[in-house]
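Over in TrEMBL, the protein carries these features:
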type: TRANSMEM; residues: 65-86; note: transmembrane segment
type: TRANSMEM; residues: 113-132; note: transmembrane segment
type: TRANSMEM; residues: 152-170; note: transmembrane segment
type: TRANSMEM; residues: 182-206; note: transmembrane segment
type: TRANSMEM; residues: 239-256; note: transmembrane segment
type: TRANSMEM; residues: 277-302; note: transmembrane segment
type: TRANSMEM; residues: 322-355; note: transmembrane segment
type: TRANSMEM; residues: 376-393; note: transmembrane segment
type: TRANSMEM; residues: 405-426; note: transmembrane segment
type: TRANSMEM; residues: 433-454; note: transmembrane segment
type: TRANSMEM; residues: 474-494; note: transmembrane segment
type: DOMAIN; residues: 753-961; note: domain 'Histidine kinase'
């Protein structure tokens, strides 16, 4: 048995090497790629294999045979499911800067009690396991030398580990900064313990058996050695035990605080997880390969004592001091790496969820040095956690060995598995169900496993008339059953709140926290004021400045969308500093919240293309397709949120206004550049939804636009507006050209009729003028002159009517129109045409019926409708014009009893260029222009027609009211 000083020297030298290695990595002596290499990350995850694996696997194999393999199969299964399990968790941890397992649960199940319970229960679960590490180091040292008291050994070991954890795990104020030196040191320790186990396995194979052949011969001569390993797999409890070990290992590999810390918090590059998927199981295989050989060698040599320490006793039995020191250092590395990382993770949990809520609630806003308080608080808590582990070790010293202590911790950690799986797969899960299930499961765990350990008596529950089960199998089954039952019941009885729904969607989307969980502020100063209430003035200013730099925003930013992003960035940053729950509270003091976050969700989805698959990818592709359609529509689209902030400004809108989407998205309507603030503001305040036309002065000249509006609603609740902006400038130019063509055609048609109408009075004038030359009677002369004046006025009226029609090409000002007079003029013009000469027109329109409109354009409407009626009626036909008065409108009906319109053509008569006339007799533009002019006047055009029985066209127009609101009629 070696002296104590060489053992202490080896141990201290090894720990000193760890210090040097971590320091070299932190200061840059080691190349940066070493810490960032995927294999370094994979090796650091072998922190999973503690002294429970290094020593306890042999003891577990001696007691439970090949069941010990199930513990590593369960861990491997978690990595097989990494794309569905570990990868989403890693993404959320990185994006929302969640520093611990308690932060993750507090983020998904938002409540201050969530973080407190997770931290408290995790402390209760892990402390026995932490004390196991101290016990393993002390016991292994006592097996080698009894010169040093175990209490002194434990204190020296704990003190050294505390120093390392403080120096290389708590050098920064926040876990937002990665500790590359820690990662390298833990990876090195993993390689040391793997190498030590392989060394003792090689010694057992070649040093004890003499090689593979002699080992085979010995197994052939002692079949009971192999049968002992298989026997536990064949009894009636094997299935339950195997399933239990798979389950607890599956949960422990990512839910244990140390595993969560190394796998997620200290992860530098998410891409390294792809390597860990195969490298981590391979390293676990190397750890477990020597276990059966070591056990068989111990049986051959008939070693005595606890089976957990057979690797160490085997090396002592061989008489090789170097191998003894190697095994001791391997066990020391397994224990020290676990305690270092576990204390860091537990200290962060305690600080964020137990200490800070009390500290910040009593801290004045003007108190300086919050960062320093956080740093020293974390360091103090590291020491407290390790010292508590030491106290736990002393209190249970002499109680069950490594295997039982480890299983007790693993079963406790399994109670967090339902909440972890539900957060990824079940949107209905809420904090009520999670807390209820966790409390119920932990209560049964304590009664079945912990209470007997403390009291020294088995729990009465095991005496129930049930199938005989191992205590840890019994505890796992019933505690998880109660956990899941309470979890499901609580989640169904209580509906998830807005925060829970937002967190659930954040787990599913890329880099997004829905606005229902992001505060609304009117300025950066509002956000700073809210932060100052909890963090203090200095810390609030520093965190705000960091967030402004990260988002490239200025301190005078006022756009709602940009303030959303700033608040969301602050919440992530603060999650890494003080935890997600306090981050919510810090930003929620005095700042309102909104219900909808669709725009942020869409922007988050834009960055998640490579991370979505299956139905989610298809739906996102459809969303992008529809959004691209909106973006490239030939009509301007402006989408407004609940607070009238611009959410979409498509390409056509940008071309029309000269403003890019990036410049206006996020601005509220009153803050838009001129003239759009007034244009949209007047339109929205006017309450019109369709057909709002107005001229707009833009940089490239005067434009005529039309606005339409649609309300975006969900279950009857309005969530925003969509404005359609149509540029009518070019359309109006084309319409003017079409109207000009149609008017020229009409003038040509009327030309012969005008000649005929003017010819008759001219003939009369000529005859009267000739008679006047020879008429001596003065009275007859006066009557002749009167006849000439009458015929001249008739010619003047005909010419004036034609001129009025010809000059109606350009839109004029709105004026009050007397409909009967306008229709009389239209009838007079139609009578000049060939088809209208022999018709009887009956104008029954009321005398004082008035509308507001453009005289020339409305004249063209009635002229086209009367001309069509004349063409359809034929010689000797009758056209009747009537008026109908409504509550706020008047209708003019023009009816003929001509050929009518076939039903098959009725839907097409308003199409431009559609005509049933022979080529050269009609342009097909008349009715389409009528419809456009009537629509521009806020009216409508309808037609009723039966083939062979005639047609009735109805023009409905807004009526004109006097100052008293009375309809003028």
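Heads up, residue numbers simply count up from 1 along the chain you see.
The backbone N, Cα and C atoms fix where each Cβ goes, and this holds for glycine too.
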Stretch-averaged pLDDT - the domain 'Histidine kinase' (753-961): 74
Stretch in 65-86, 113-132, 182-206, 277-302, 376-393 most in contact with the transmembrane segment (239-256), if contact is a CB pair under 8 A: 65-86
Leading contact stretch, 113-132, 182-206, 376-393, 433-454 vs the transmembrane segment (405-426) - CB distance under 8 Å: 113-132
Region pair the transmembrane segment (182-206) / the transmembrane segment (113-132), three or more CB pairs under 8 Å: no
Of 65-86, 322-355, 376-393, 433-454, 474-494, whichever stretch has the most CB pairs under 8 A to the transmembrane segment (277-302): 65-86
Segment-segment contact (the transmembrane segment (152-170); the transmembrane segment (113-132)) at 3 or more Cβ pairs under 8 Å: no
Residue numbers, six or more beyond the limits of the transmembrane segment (65-86), whose CB comes under 8 Å of its CB atoms: 48, 57, 228-233, 238, 241-242, 245-250, 252-254, 263, 273, 276-277, 280-281, 284-285, 287-288, 291, 424
Same-chain residues at least 6 beyond the ends of the transmembrane segment (113-132) whose Cβ lies under 8 Å from its Cβ atoms: 50-52, 101-103, 105-106, 256-257, 338-339, 342-343, 346, 349-350, 352-354, 357, 385-386, 388-390, 392-393, 396, 402, 405-406, 408-410, 412-413, 415-416, 431, 434-435, 438-439, 442, 446, 450, 453, 579, 581
